[in-house]
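Annotated features, as they stand in Swiss-Prot:
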type: COMPBIAS; residues: 209-219; note: compositional bias 'Low complexity'
type: DISULFID; residues: Cys37-Cys56; note: disulfide bond
type: DISULFID; residues: Cys88-Cys188; note: disulfide bond
type: CARBOHYD; residues: Asn38; note: N-linked glycosylation site
type: CARBOHYD; residues: Asn70; note: N-linked glycosylation site
type: CARBOHYD; residues: Asn83; note: N-linked glycosylation site
type: CARBOHYD; residues: Asn141; note: N-linked glycosylation site
type: CARBOHYD; residues: Asn154; note: N-linked glycosylation site
type: LIPID; residues: Ser225; note: GPI-anchor amidated serine
type: REGION; residues: 196-228; note: region 'Disordered'
type: SIGNAL; residues: 1-28; note: signal peptide
Amino acid sequence: MAKAAVTKRHHFMIQKLLILLSYGYTNGLDDAHSLRCNLTIKDPTSADLPWCDVKCSVDEITILHLNNINKTMTSGDPGKMANATGKCLTQPLNDLCQELRDKVSNTKVDTHKTNGYPHLQVTMIYPQSQGQTPSATWEFNISDSYFFTFYTENMSWRSANDESGVIMNKWKDDGDLVQQLKYFIPQCRQKIDEFLKQSKEKPRSTSRSPSITQLTSTSPLPPPSHSTSKKGFISVGLIFISLLFAFAFAM
């Protein structure tokens, strides 16, 4: 029992380390503005309680916040472009919440890991496309135990480990879910890109890398088709070096 607990804590530490380093990787590639949406699916114990919560932001400024009870858009940015972007995303997000709720409720997981009904945290990151094919990254975290990522640029999936891969393979075979993830950005791309361009023209506040406790989802590695800068190579190298130290510490 004690050994199993240590192993679980060790695995969780590695996952959080990967999150922190991958955050540094994506921030180091360029200074482009990006849209970030965080979705949380919780135990739907009552129809009167929020089981889905969504927040979308650009440069840490919230442009949309909704849940399954209050399905209307609220914005922290009073600009017309922010409102237009949020309104365009509202219905796709409501639809995706329902799809993800059905998906996670039908997903069989190890109850010793999830401790009850599995909760799902999803992070979508979309950098300004600059005329290129729009590509988004979808990061999935089930109960802080199963992690996998979907890249719309090349329609590829990556899991953090074999256990996560079992669940990931079932999700990737769901055509309806894949289509929703793939076309989430394209259906609002014009408004999103216009808003990101508008944001780029404004002075950008200096942001700090989040602490490990603030991070809720993981991206194991950047997609192989992405171009890699020197900062990217350094971050990837740090990931592998840190993992080597972590495994050596556990032995």
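Just so you know, glycine gets a Cβ as well, placed from its N, Cα and C.
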*May I ask you to report the DSSP-based helix, strand or coil state of Asn154 (N-linked glycosylation site)?*
coil
*Which of Asn70, Asn141 has the fewest nearby Cβ atoms, counting only those within 10 Å, among these glycosylation sites?*
Asn70
*Looking at the recorded positions Cys56, Asn70, Asn141, Asn154, whose Cα is closest in space to that of Cys88 (disulfide bond)?*
Cys56
*Candidate recorded positions Asn38, Asn154, Cys188, pick with smallest Cα gap to Asn83 (N-linked glycosylation site)*: Cys188
_Secondary structure at Cys188 (disulfide bond), reduced by DSSP to three states_ = helix
_Quick check for the class: what is the C-alpha distance, in angstrom and rounded, between Asn70 (N-linked glycosylation site) and Cys188 (disulfide bond)?_
21
*For Cys188 (disulfide bond), the one of Cys37, Asn141, Asn154 that lies nearest, given that the recorded positions are compared by Cα*: Cys37
*Cα of Cys56 (disulfide bond) to Cα of Asn154 (N-linked glycosylation site): how many Å, rounded?*
24
*Compare the C-alpha of Asn141 (N-linked glycosylation site) with the C-alpha of each of the recorded positions Cys37, Asn38, Asn154, and give the closest one.*
Asn38
*Far apart in sequence but close in space: which same-chain residues, 6 or more away, have a Cβ under 8 Å from Cys37 (disulfide bond)?*
Val54, Lys55, Cys56, Ser57, Leu64, Leu89, Leu93, Thr123, Met124
*How big is the Cα-to-Cα gap, in Å, between Asn38 (N-linked glycosylation site) and Asn154 (N-linked glycosylation site)?*
22
*Three-state secondary structure of Asn70 (N-linked glycosylation site) from DSSP?*
coil
